[in-house]
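Only one structure is covered here, and it is reproduced in the block below.
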């Protein structure tokens with residue numbers, strides 16, 4: 001069986017590449033060893049957000065009396081929450097399946113193995129393709145901690161599949177996006193949560209000011225957050241797990257909980273991908289590729305989380321999937337990954353795009369910043385969400401918007417406007433000239449820009 005392009009991995013990068021290739025007239029075969037949709041759709045972004053919505057709705061009802069609503073006897077059904085989450089995932093998964101079918105893409109269920117350039121084996125069958133795209137994504141990476149493999153230590157997949165894990169107390173090792181979002185879910189359901197982060201602040205790859213604000217908010221809600229925490233060992237049995245760690249001063253502490261979540265990172269998923277006669281350049285277990293996705297082997301490309309030093313976000317993989325098909329078609333378009341929005345779905349939401357104030361100063365750029373506090377926004381006051389801000393980072397000489405950080409309701413929806421502003425080289429004056437509807441959360445973007453204009 002011969003194809004124009006073979007794509008290994010049916011996540012956001014893989015199925016996007018498959019669709020674009022098919023629409024470009026290519027004969028496409030797509031290999032997926034699990035369900036179409038990849039980690040994001042099946043055991044990452046989408047199920048997490050579905051559970052977050054249920055958990056946050058429950059938490060909001062518990063405090064509805066502040067809105068004049070009496071809700072005695074409100075409770076949640078953990079199993080029902082997971083059933084609804086599963087329904088959402090199944091609906092989205094079926095959408096991807098229909099997309100592949102509509103574009104006449106051959107989908108092969110199974111683990112693909114590259115035998116040599118242009119040749120792939122799966123289930124004893126051989127498939128040939130002019131070009132191969134590696135889009136196998138990533139998998140959970142476990143830190144070398146004694147006891148990390150004990151029963152009672154879970155990963156994010158354990159919490160999202162098979163009905164999840166209902167616990168009354170949880171220690172989360174890792175304060176990245178997965179860690180803080182899971183902390184939000186379980187805290188909303190009344191669970192006692194402790195977050196241990198090895199770096200000097202949670203969300204270590206985001207702006208320090210954002211991390212400090214989220215830490216303050218989480219602690220105010222009752223979540224225990226410990227930065228510069230070095231986990232030494234995990235002991236115990238399911239239902240009574242003890243984590244031993246040292247704090248920033250080197251003092252040893254223990255915390256006991258019903259369960260432990262290992263959320264300390266992910267690594268490229270290349271298991272069984274290469275046959276004995278095939279190899280390409282790797283860096284720390286991930287595939288090395290250039291800006292066009294080209295690897296060290298001609299006609300073999302890599303996109304998404306499988307790519308070394310890549311931004312591990314579903315929307316980055318999707319963009320690279322579309323781009324790599326254009327490269328294969330001979331168009332060689334540039335893909336600018338300098339302006340990629342990042343989102344964290346806590347309460348309040350967090351979003352960031354472009355340069356931080358610290359990053360701009362480090363680059364030698366004269367910086368001016370504008371900040372608008374949520375307490376000054378009518379919609380935030382109405383909804384009782386006043387602990388946050390919108391911050392714009394601009395070039396002090398030209399006024400051009402270089403970056404933005406948001407800690408506020410609907411931050412993940414509003415960051416798109418700021419991403420466009422940065423990509424198009426707009427200034428704070430340009431943004432303040434846009435009429436934003438009232439009353440809305442988006443008025444905070446205008447407020448931050450207007451503050452800069454009036455300085």
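Placement of Cβ uses the backbone N, Cα and C atoms for every residue, glycine included.
A quick note: this is a predicted structure, and the numbers were derived from the prediction, not measured.
Per TrEMBL, the features are as follows:
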| type | residues | note |
| --- | --- | --- |
| ACT_SITE | 438 | active site, proton acceptor |
| BINDING | 49, 136, 137, 138 | FAD binding site |
| BINDING | 174, 175, 176, 177, 178, 179, 180, 181, 197, 265, 305 | NAD(+) binding site |
| DISULFID | 40-45 | disulfide bond |
| DOMAIN | 3-321 | domain 'FAD/NAD(P)-binding' |
| DOMAIN | 340-445 | domain 'Pyridine nucleotide-disulphide oxidoreductase dimerisation' |
Simplified DSSP label at residue 49 (FAD binding site) comes out helix
Sort the recorded positions 45, 176, 180, 305 by C-alpha distance from residue 138 (FAD binding site) and give me just the closest. 305
Nearest of the recorded positions (40, 45, 137) to residue 180 (NAD(+) binding site) - Cα to Cα: 45
Out of these binding-site residues, 136, 138, which one has the fewest other C-beta atoms within 10 Å of its own C-beta? 138
Using DSSP reduced to three states, classify residue 174 (NAD(+) binding site) as helix, strand or coil. coil
Give the residue from the binding-site residues 197, 305 that has the most other Cβ atoms within 10 Å of its Cβ, counting over every protein chain displayed. 305
Have a look around residue 45 (disulfide bond) and count the other CB atoms within 10 A of its CB, chains all included. 21
Close in space, distant in sequence - residue 40 (disulfide bond), Cβ under 8 Å, 6 or more apart: 11, 12, 46, 314
